[in-house]
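Annotated features in TrEMBL:
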{"type": "ACT_SITE", "residues": "Asp223", "note": "active site"}
{"type": "DOMAIN", "residues": "72-311", "note": "domain 'Pectinesterase catalytic'"}
{"type": "TRANSMEM", "residues": "12-28", "note": "transmembrane segment"}
Amino acid sequence: MDGKRIEGNEVYALAMCVSILLFAPIVVSNPIPADKSQVEAWFNGIIKPVKERGTTLDPELVQAETEPRIIKVMQGGGGEFDTITKAIESVPSGNAKRVIISIGPGSYKEKIRIERNKPFITLLGDPKNMPNLTFDGTAKQYGTVDSATLITESNYFVGANLNIVNSAPRPDGKMVGAQAVALRVSGDRSAFYNCKIIGFQDTLCDDRGNHFFKDCHIRGTVDFIFGSGTSLYLNTEIFVVGDPEGDPEMAIITAHARESSSEDTGYSFVHGRITGTAKDVFLGRAWKSSPRVVYSYTEMDEIVHPGGWSSNRQPERAE
C-alpha cells in the first residue's frame, strides 16, 4: 500500500495512536475523511506528542513512554542479542517502560511469544530492509491459535516494518490440522504499521482486544483474518491467493467470531484494497451467529463475489 513508512523515533508516535484512534473522543468529532488523499494529513493531525495528549491517555501509557529502552537484535553480532526471543526474555515481568526491540535484517526462524505480563514492547524493523519473522507451525502441532509465528498477548504492543510469515505448506483441504497462523494478537491496544502478514488459511488471528493496522499487507486463502477482535484496518491491502482447484469455499477473507449483537466487537476496513489471484472471493463468512465486518471506501478488484458474503451454508445467518 502507498503510505509513509515508519522510521526511528516515529515509533513513539505510533504507540500513542493506538489509544488516540481507538479510545479518544477525537475520533468521533474528526472521523476518517472520505477522500483518501486527505488520510495522511488527518492521521498526522491526530498524532501528538505525549505532553500534548497526556490528559487523554492512560496514565500508565504516558509513564511508559517517558524513558524508552532500546534493545538491538542482530544476526552475526553487533547487537545485544542474536535472536528476537532472547531479547524478549530479557524484558522483566511486569515491565512498565516502553521497550523497543530494534531488529536487524535477515530471516529469523523463531516461534515468538510475548506473554501478557510484558506490556509496552515494540518490535521495530528497518523499512528499507525488513526482517523476516518466519516459522512453520501448524494446528496439528500446536492447535490453531498457538501455531502462530508471532503471538502477542500483552497490552500496548507495537509492530512496525516486519514480514511476519507462516511458511507451512498450503492446506489441501484433506489434511487435518493444516491451518497455520502467522500472527495472533490477543493483547489490548496494539498496533501494526507497514507489516506484511503472510500465510494461507487462518493467516491472522485478530483474537481479542482493540487493534490498529495501518499500511499493512495481509495475504491468505480462507478465513485469513479471524477472531473476536475490535480492529481498524487503515490503508491496508488484502491479497487473496487463488485456489488451484478453483474451490470458492477456499476464498474467504474474514471469519469474525461475534456471537451476539450485544458484543461490541468487529473489524473495520477503511481506504484499503482487495486484490489477488483468487476468484469469487467472499468478503467474509458467518463463522459465528453475529459477525460484524465493515468495508468503507475500499477498492475491490473483480475477484470479489457479486454476493459479497457467505452465510456459511446456514441461511438464517444470511443477514
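Numbers run from 1 along the shown chain.
Using N, Cα and C of the backbone, Cβ positions are placed for all residues, glycine too.
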Inset, instruction - Tell me the Cβ neighbour count for Asp223 (active site), meaning other Cβ atoms within 10 Å of its Cβ, over all protein chains shown. - result: 24
Inset, instruction - For the domain 'Pectinesterase catalytic' (72-311), provide the mean pLDDT of the predicted model. - result: 94
